[in-house]
Every structure is written in C-alpha cells, then in structure tokens.
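Listed in TrEMBL for this protein:
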BINDING   Cys29, Cys220, His245, Glu249  Zn(2+) binding site
BINDING   Lys279  ATP binding site
DOMAIN    361-422  domain 'Cysteinyl-tRNA synthetase class Ia DALR'
MOTIF     31-41  motif ''HIGH' region'
MOTIF     276-280  motif ''KMSKS' region'
Amino acid sequence: MLLQLYNTLTRQKEPFVPATPGYVGMYVCGPTVYGDPHLGHARGPVVFDVLRRWLLHQGLQVRYVRNITDVGHLTDDADEGEDKIQKRAKLERLEPMEVAEKYTWAYFDAMDDLNVLRPSISPRAAGHIPEQIELTQALIEKGHAYEKNGSVYFRVSSWPEYGKLSGRNFEEQEAGARVAVREEKEDPRDFALWKAADPEHIMRWNSPWGQGFPGWHIECSAMSLKYLGEGFDIHGGGIDLQFPHHECEIAQAEAAGHAFARYWVHHNHVLLNGEKMAKSTGNLVILRDLLNQNEPMVVRFYLLQSHYRSVLDFTSAGLEAARNGYLRLLGAYREVRRQLHAAKPGKHAALEKALDTLEADFSQALNDDLNTPQAIAAFFVFLPALNKALADKAGKDSLERAEKVFAELGEGVLGLFPARVLEARLGGALLDGLIQLLLDLRERARQEKNFALSDWIRHRLSELGVVVEDTKEGPKWRVEV
Ligand SMILES: Nc1ncnc2c1ncn2[C@@H]1O[C@H](COP(=O)(O)OP(=O)(O)OP(=O)(O)O)[C@@H](O)[C@H]1O
Ligand SMILES: [Zn+2]
C-alpha cells in the first residue's frame, strides 16, 4: 500500500498501514441535525467518500461509520446553553426527534445526490445512551471523571496527554473553555460527559446520576469503539473539530483504557466571503438550493478540485469554471461510449500510451495525501490525446480500455460519473417523443411486412446508442450513451 496520509496526531504525512491487513475501519463525525445542510457540510463527506473509494479500489474491505448527532450538542461548545435540536424543536413546534429525523433525511438526500456512498453504519447518539453511560462509569471508576449535582465531568488534570492532538497548552485549553465556567467544575478545562437535565429539558434519560443527557463528545468515543473496535484505523472530521471535540474523544477513550484511532484526518473549511460557512452565523449557501440549481456532479467536482487541507472560498465564478471543466470530461467519456458501438477491433498506440500516463499520475496523486485536484488534472492532461484518438476512430480495444479507466477511476474512485449522468436523456420530452415516433414508424413498416425498413430503423437507432427491445407490452427503448 503506497498511500500516504497527513496525520494530525504526528503532524506529518505517514504511510497508511491498516491495523488488520485487508480491512480498514473509518469513523467520520457527521452532522448535528438541527438545520438544512450548507455547502460546508458536503466537503467532509465527499472527501472521505473518495478516500473510502480509493481504499476499496485497492481491494481493501472498508467499514465506514458516520454518526448522526441528535442529542447533546449545546449552542455553546463550552458545556453551556441549550441543546441545538431542542431549541429548533421549540421554534418549529416539533418533537426533538422529529427535528432530528427531518434534517437527517435532508442530509442523506443531499449525500445521495452527491453520489456519496452510504455509510456502512450511521449510528445515532440518542440510540446509544447505554454505551455512553457505560464509558462514563468506567472513567469515574478509574478516577478520570467525577460527579457533581447529577452531572459528570472529565477530570482533565488526571490525563496529561490531553492536548496532544491539537497541540494546545494549558492556557490555550482554558481559553477554549471561555464563557460561563460552571462552578461545579474542578478545573475550567473539564468537560461534560453527562449533564443533569433542568426541569424544562425535554431530551432526558435515566442514568446512575439521575435524569439527564450525554455530553456531545462522548457519543463519538462510544460509537466508534463499539463498531470499529480497539485501535481502529482512521478518524476524520473538519478542522474545527480538532479542539475540543476530537481532543476530548481521545481523552475519553484512552483514559478508559482503550486504544483509539491511529490516523487523524482533518479537512479544511468551505468559506463564504472569507469566513467559515456556518449554520450558527447564517453565513452560508444552502446545499439543497445549490443541488437544485446545478447538476450535483458539478458541485462534487467543484469540491474535489481543491485539496482537502486547503480552505475553499466559494464563488459562483468558481462553480461556473467547474461546470465547464466537468462537462468537458463528461463529453469525452460519452463520446468514448458512443464510438464503442461501431468501433473495429484494434489498438491505438498513442491512446494506449496516454492511458498508461493517466493511470500512473492518477495513482500517484491520490497516494500523495489524497490529492484530488492533481488526480483530476491527470484527466485533463489526458484529454487532448483522447480527443485525437476519437478523431482517428481509434480501435475498439483501446476505446474499451479508455471506458474502463473512466468507469473505474472517474466514477469508481472520484464518483463523478454515475449512470444517471451518463444516460441522461438530453432533450427530455421532445427526444422521447421523437424516438417514439421512429418506433411507431418501425411498427408500421413491420405491419406492412417491410422488414428491411423496420430493421434499418432499429439499426440506425442503435448506432445512436438507442437500444430497442421488443417486449410483450410492445417495443421498449433505452439510451446507452
Ligand atoms: N464551513 C465548513 N466547511 C467544511 N466543513 C464544515 C463547515 N462547517 C461545518 N463543517 C463540518 O460539518 C460537520 C458537522 O458540523 P456540525 O453540524 O456539527 O456543526 P456546524 O454545522 O459546524 O455548526 P456551524 O455551521 O454553526 O459551525 C463537522 O465535521 C464540521 O467540521
Ligand atoms: Zn465526533
């Protein structure tokens, strides 16, 4: 395995070696489902989707867990404020779980449109309360957590390694705990594992410490360990989660005696007007609007055109440029598929050579810390040679190989060419109507026993990639280009 990944924990690129040969366990922090996803929410899922697809392409088996936070994420990261979902529920006059359900599906729908493979497991925090209580109990037993007035806090002073992921020193950790430091905490850096529920708090469960709800960080430690086991391979998320969220996840798991994630991969932010796109500030582009107004693959292509560790400042001009680039690649892929129908056997030397280069450059790019812009660039370098070969009416063997490379790398790994896009019926109702007209003509020719004409119509359609099948219900057609 030649993949090098930048590991936030060691602050360097490292060769990726799975803990168990042949298998990869990967956990990515998912959304807190209290509002419509924005474009920023799509970046992580798309980037980690390509990582997952690249690992699958190497023949590895991947278990990919991406959680849904439906409880415990407060409006203030420093353990204060209201539960984000409960707050939204009051505004929308819904049950908190109705809010969670509504926005979970909005998120999943957007991910489907973006051709993001569904996770192997999408665990919900509210469905894993016993696991979170158990981990909290283990931490109390080991002296790394304490109960106060029905809430439980992690005792940061008992865990010297706290700070190793973010590199934050003592003062900087305190700064993270800024506002309204609760008097019941021994140390301002301590963070909640369990919170006692105020009388008006709706989302509450029984626990050994009375009725309450889990802290935000504990769900990810509990659920990743449950589904991926000790010392699992990759943990991902946005860089805003490095501190405190991921720092706390590590402390909770390791202080309880578990080996935790080995590679920490963090993607950078999508910006709007130079500021982080964020729900809480309203500085955002709603993902659904973008997907309705644009071919979702253009949005995916746009996200992959920058390296995941760089910021991506969203502009309409940038999206427009991505559309042009994407359509050039898609057009070339479609033309390969179209010419395949009529191609004669044989190889095209220059195309073969260009394919060798593309495959080598593509692998090198993705193995270098998932350099998707470089991998996409390899396709653009390939285009002139491909277009020349198409103009030359290249032989079928080479065209088949070109098609395979588009299918396996362009769709299989980058996820840019789902069947939906390849088979899009450009022209919609008019095209449908015209094809139906030709099929009706063919039917008439057959009734008049003019089989030469009916076969000729069918043949000409098939040259255009329209495949006609005679069924009991009459002729059916589909476009294969
Ligand atoms: N602008 C952004 N660019 C990239 N990733 C983002 C952006 N905003 C949020 N994320 C990522 O989306 C995931 C889910 O975020 P979450 O729903 O928990 O809160 P949030 O949306 O970040 O809240 P807010 O938008 O108010 O900052 C996290 O991994 C986070 O890093
Ligand atoms: Zn998490």
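Backbone N, Cα and C atoms are what each Cβ position is placed from, and that goes for glycine too.
Annotations in TrEMBL come from automatic prediction, not curation.
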The residue listed as 'ATP binding site' versus binding-site residues Cys29, Cys220, Glu249 - nearest by Cα: Cys29
Listed binding-site residues with Cβ under 6 Å from ligand 1, out of Cys29, Cys220, His245, Glu249: Cys29
Fewest other C-beta atoms within 10 angstroms, as judged across Cys29, Cys220, which are the binding-site residues: Cys29
Secondary structure content, the motif ''KMSKS' region' (276-280) (per DSSP, counts of residues): 0 helix, 2 strand, 3 coil
Binding-site residues compared (His245, Glu249, Lys279) - the one with the fewest other Cβ atoms within 10 Å: Lys279
Contacting binding-site residues for ligand 2, chosen from Cys29, Cys220, Lys279 when the Cβ sits under 6 angstroms of any of its atoms: Cys29, Cys220
Tally of residues which DSSP labels helix, strand or coil - the motif ''HIGH' region' (31-41): 3 helix, 2 strand, 6 coil
In three-state DSSP terms, the structure that Cys29 (Zn(2+) binding site) belongs to: coil
Number of helical, extended and coil residues in the domain 'Cysteinyl-tRNA synthetase class Ia DALR' (361-422), per DSSP: 49 helix, 1 strand, 12 coil
Environment of Cys29, Cys220, His245, Glu249, the listed Zn(2+) site - residues of the same chain whose CB lies within 8 A of the CB centroid: Trp216, His217, Glu219, Ser221, His235, Gly237, Leu241, His246, Cys248
